[in-house]
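Step one of this worksheet: look at the structure below.
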Amino acid sequence: MEGKVFSGQKLILVMLLLGHLHGFSSCIEKERKALLELKKFVMSRCEECEYDSVLPTWTNDTKSDCCQWENIKCNRTSRRLTGLSLYTSYYLEISLLNLSLLHPFEEVRSLDLSNSRLNGLVDDVEGYKSLRRLRNLQILNFSSNEFNNSIFPFLNAATSLTTLSLRRNNMYGPIPLKELKNLTNLELLDLSGNRIDGSMPVREFPYLKKLKALDLSSNGIYSSMEWQGLKNLTNLEVLSLGYNYFDGPIPIEVFCEMKNLQELDLRGINFVGQLPLCFGNLNKLRFLDLSSNQLTGNIPPSFSSLESLEYLSLSDNSFEGFFSLNPLTNLTKLKVFIFSSKDDMVQVKIESTWQPLFQLSVLVLRLCSLEKIPNFLMYQKNLHVVDLSGNRISGIIPTWLLENNPELEVLQLKNNSFTIFQMPTSVHNLQVLDFSENNIGGLFPDNFGRVLPNLVHMNGSNNGFQGNFPSSMGEMYNISFLDLSYNNLSGELPQSFVSSCFSLSILQLSHNKFSGHFLPRQTNFTSLIVLRINNNLFTGKIGVGLLTLVDLCILDMSNNFLEGELPPLLLVFEYLNFLDLSGNLLSGALPSHVSLDNVLFLHNNNFTGPIPDTFLGSIQILDLRNNKLSGNIPQFVDTQDISFLLLRGNSLTGYIPSTLCEFSKMRLLDLSDNKLNGFIPSCFNNLSFGLARKEEITNYYVAVALESFYLGFYKSTFVVENFRLDYSNYFEIDVKFATKQRYDSYIGAFQFSEGTLNSMYGLDLSSNELSGVIPAELGDLFKLRALNLSHNFLSSHIPDSFSKLQDIESLDLSYNMLQGSIPHQLTNLTSLAIFNVSYNNLSGIIPQGKQFNTFDENSYLGNPLLCGPPTDTSCETKKNSEENANGGEEDDKEVAIDMLVFYWSTAGTYVTALIGILVLMCVDCSWRRAWLRLVDAFIASAKSKLA
């Protein structure tokens, strides 16, 4: 009987246990439905999203346990939701958040709505008190949204909050701490990356009595700061004020009285002076960042008391002269030390016998005038990152660092004077190695890839390596970035490398002596997005293997000996943004269709035939100079983005089409050295040449989908220090344009619109057969820096409107048929450095003053009617010559008058004699009879002769 009872009890327990376990199988139904409503909210703001692609585990399946969904955490016992994140990688429309959507999550403790494109909060029922419904909410992350100060009244109702992050929003003006006075439990407040300015009301911080961590970095200008009030934050352990600009001196002693500080971030706050002695009193300090200031002097001895210090950064300050690291000797917990100078004015002095007690994880001594590897590194065994770039270290590359530090991941030695590369004796797991810009010569090590097979980034450019490309490089299966440009390497690329490095994303081998056919067969470079092999000796046609690299974004094969036609397939790669095939032997006709978005360089080849009407497409920079192209400039269709159109040195004929005037984003237009005729279109003033509104100016961004190499080596409360490689700096555009009587290179960065290229605006129509007048409308292009109309048949006058070209630096109108005087108003062109009007028919006085006083007589040759400096022709002599010419004209007029008198006097004499004869005949009859007989005799004689 007892056995049956016992068995029954066990059965009941099993049933209860099964029922209990069944309760764990699913989340709360109300919360599951609420999560699906949140997903609908996200979907409503994403036009291109499909339902299954956004938060795909959040499904309508009733059997699906929402506690197992992504971005969700639940209590193991109650199955209530405790953690929620709405993060998605999709681009969402900006929207308000209705807080009532969150009310079903009554037990939620952590709410992450960062990166959600939210710009405000709303609740039509409970208003500002809405968040009080979430009575257990402790962590609220609203970072990287579009919120402004209007959300503070809502936040004040979340009285249980301990952590509040409003990083990277649109907060502005003074910090409205009074509106957060009910958040008495708040321990961490992050307001970094906003636009907070004005005064910092430190006196209001006592509302937040439990505050331990405060981040106000990267905001703006604090016009005033109640510095002394910081001392009242007695519980504060973490303070970040980095990258703000404070008016007036900073009383650094205030920080010295905050005895509980463990992390202090004062980067980039314009801190001037020496390192404070009193910092040595902060014996709890673990993290201290004073980089990017104007600190001088040396590390004070009091720093030796910072027994808890793990992280110290003093980089980018104004230290000069000798700099000693001796005060750091006894800091046994120091893991990260970062030091670099701004302008190589400091010399770090490290005694050969110095043996500190710490074991570093990260050491950066960049631009410190070091002449040898510090000896203390011989005793470091836990290094992960070493950066000794920009020094004067010579001799052998210190590969013993790899042998002593098996966990070393990053070794930066660029821009030194190393001469010998010696490989480690055993295989190492190093991931980043940069020894570029040294003086290393000799053969490149054959076993390089076998000893360092795990390299992700390798840069050995700008050295003197010789010999062939090592076949062992094919064993670096993880390599993503490889740069051996600017060396003397030769031969062909080994097949083992071409067929094995499928992770390679960036390959740069330019400025070497590599030869042979490039990629004649298919390769395994399936991840390649940047390929630069320019300035080598490659020959033959463009290889079949190259045409399989469909993910390429940047391809530079310029200045080789490639021949044959341009494969049309190459110009329709989906992601290709930059293609440079200039300086080769390519020939044939241009393809009719191009899908490139940005840059196409085909100059200095042998292309023939016309330019297709559809050739431009979405290209922003097109360079076809110095080919053998013929025909008219086409009526380009379906193009709006062209900014640089360079067609110099071909055999183009016909008129300049007026459709060019529709290129409203034009910056450089070079049609010189062709056979164009007709007039210069007066509509050229429609071309922007820098006149476009700011938002219309093109950003020459080449999208490279390669993630930067990232290695986090220290994480504090607010600052995550890391080693990062940014590859965008490798990509630049170089455009040559004739100005100031020479060809200059104008450089532009792809991503950031930096460099001289983005400030250059020019028009070159020289060496053609253009005729007619110079349109006055060209004077409206007041951003032009270079204008060249020389070697044409232009006539009439120099337009007075050219005086509006305020930024013009080079103006060349030589070898035309221009007449009249040089407009005096041109002396107001204060930027003008080159002015040439030689070999025209100009006359009058040469203007003087300002920039015109700098031009020599070569600017005016071949204009005999011009006078004044800098020519030898005096305007006074010219005036006398003109007066003499005027005197001759008066003599001619007098001669003309004398002849007129002669003619009139002769006629008068004849008439007078005739009248006298008639009078005598009337008075004397004998005279009349004699006259009549004479007339009759004359008539009779005439008749007889006629008979």
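Cβ atoms are placed via backbone N, Cα and C, with glycine included.
Residues or ranges marked as N-linked glycosylation site in Swiss-Prot (evidence: sequence analysis): Asn75 (among others). Applying an 8 A CB threshold to same-chain residues 6+ apart, the list for Asn75 (N-linked glycosylation site) reads Thr82, Glu107. Reduced to three states, the DSSP call for Asn75 (N-linked glycosylation site) is coil.
Look at Swiss-Prot and you will find 105-128 tagged as repeat 'LRR 1', backed by sequence analysis. With a threshold of 8 Å between CB atoms, the same-chain residues lying at least 6 positions outside the repeat 'LRR 1' (105-128) that come near it are 31, 34, 45, 71, 73, 75, 78, 80-88, 91-99, 134-148, 150-151, 153-154, 156-157, 165, 170.
Among the features that Swiss-Prot reports, repeat 'LRR 2' is placed at 134-157, with the record citing sequence analysis. When averaged over the repeat 'LRR 2' (134-157), pLDDT in the model lands at 96.
Asn182 (N-linked glycosylation site) falls within neither a helix nor a strand when secondary structure is assigned with DSSP, and so counts as coil. Within the same chain, the residues at least 6 positions away from Asn182 (N-linked glycosylation site) whose Cβ sits under 8 Å from its Cβ are Asn156, Ala157, Thr159, listed in sequence order. Annotated N-linked glycosylation site per Swiss-Prot: Asn182 (among others), in sequence order.
Look at Swiss-Prot and you will find Asn232 (among others) tagged as N-linked glycosylation site, backed by sequence analysis. In the shown protein chains, 13 other C-beta atoms lie within 10 A of the C-beta of Asn232 (N-linked glycosylation site).
The annotation N-linked glycosylation site is assigned in Swiss-Prot to Asn330 (among others) on the grounds of sequence analysis. In the three-state DSSP assignment, the secondary structure recorded for Asn330 (N-linked glycosylation site) is coil. Proximity of Asn330 (N-linked glycosylation site) to non-local residues of its own chain (separation of 6 or more, Cβ distance below 8 Å) is seen for Ser304, Pro356, Leu357, given in sequence order.
Sequence annotations record features per position, and here Swiss-Prot assigns repeat 'LRR 11' to 357-380.
Residues or ranges marked as repeat 'LRR 13' in Swiss-Prot (evidence: sequence analysis): 405-427. Residues 366, 380-399, 433-442, 445, 447-448, 450-453, 459, 711, 723 of the same chain lie 6 or more positions beyond the ends of the repeat 'LRR 13' (405-427) yet place their CB under 8 Å from a CB of it.
What Swiss-Prot records for Asn415 (among others) is N-linked glycosylation site, and it gives sequence analysis as the kind of evidence. All protein chains shown were included, and the count of other CB atoms within 10 Å of the CB of Asn415 (N-linked glycosylation site) stands at 19.
Around Asn488 (N-linked glycosylation site), the C-beta neighbours below 8 angstroms that are at least 6 residues distant in the chain are Gly464, Phe465, Gln466, Asn512, Lys513. Annotation comment: Swiss-Prot describes Asn488 (among others) as N-linked glycosylation site.
Applying an 8 A CB threshold to same-chain residues 6+ apart, the list for Asn524 (N-linked glycosylation site) reads Val498, Ser499, Ser500, Cys501, Phe502. DSSP assigns Asn524 (N-linked glycosylation site) to coil in the three-state reduction, placing it in neither a helix nor a strand. Annotation source Swiss-Prot lists N-linked glycosylation site at Asn524 (among others), citing sequence analysis.
The repeat 'LRR 19' annotation in Swiss-Prot covers 550-575, and the record cites sequence analysis as its basis.
Under the heading repeat 'LRR 21', Swiss-Prot lists 600-616. Residue counts for the repeat 'LRR 21' (600-616) under DSSP, helix first, then strand, then coil, are 0 helix, 6 strand, 11 coil.
Swiss-Prot lists Asn606 (among others) with the feature N-linked glycosylation site, giving sequence analysis as the kind of evidence. Other Cβ atoms within 10 Å of the Cβ of Asn606 (N-linked glycosylation site), summed over all protein chains shown, number 13.
If you look at the repeat 'LRR 22' (617-640), the same-chain residues 6 or more away from its ends with a CB under 8 A from one of its CBs are 582, 590, 593-611, 646-657, 659-660, 663-665, 670-671, 676, 698, 700, 733, 735. The annotation repeat 'LRR 22' is assigned in Swiss-Prot to 617-640 on the grounds of sequence analysis.
If you draw a 10 Å sphere around the CB of Asn788 (N-linked glycosylation site), it holds 24 other CB atoms from the protein chains shown. Positions annotated as N-linked glycosylation site by Swiss-Prot: Asn788 (among others).
Taking only the Cα positions, the spacing between Asn828 (N-linked glycosylation site) and Asn232 (N-linked glycosylation site) is 62 angstrom. Counting same-chain residues at least six beyond the ends of the repeat 'LRR 11' (357-380), those with a Cβ under 8 angstroms from any Cβ of the stretch are 315, 323, 328-344, 346-348, 350, 386-395, 398, 400-401, 404-405, 412, 713-714, 721, 723.
Compared over the glycosylation sites Asn828, Asn836, Asn841, the count of CB atoms lying within 10 A of a residue's CB peaks at Asn836. Tertiary proximity for the repeat 'LRR 19' (550-575) is limited to same-chain residues at least six positions away from its ends with a CB under 8 Å from its CB atoms, namely 510, 518, 526-542, 581-596, 600-602, 607, 702-705, 731.
In this structure, the C-alpha atom of Asn232 (N-linked glycosylation site) lies 48 angstrom from that of Asn415 (N-linked glycosylation site). The closest partner of Asn606 (N-linked glycosylation site) among the glycosylation sites, by CA position, is Asn788; the full candidate set was Asn415, Asn788, Asn836, Asn841.
Closest to Asn415 (N-linked glycosylation site) by Cα-Cα distance, out of the glycosylation sites Asn788, Asn836, Asn841, is Asn788. According to DSSP, Asn415 (N-linked glycosylation site) sits in a coil region rather than a helix or strand.
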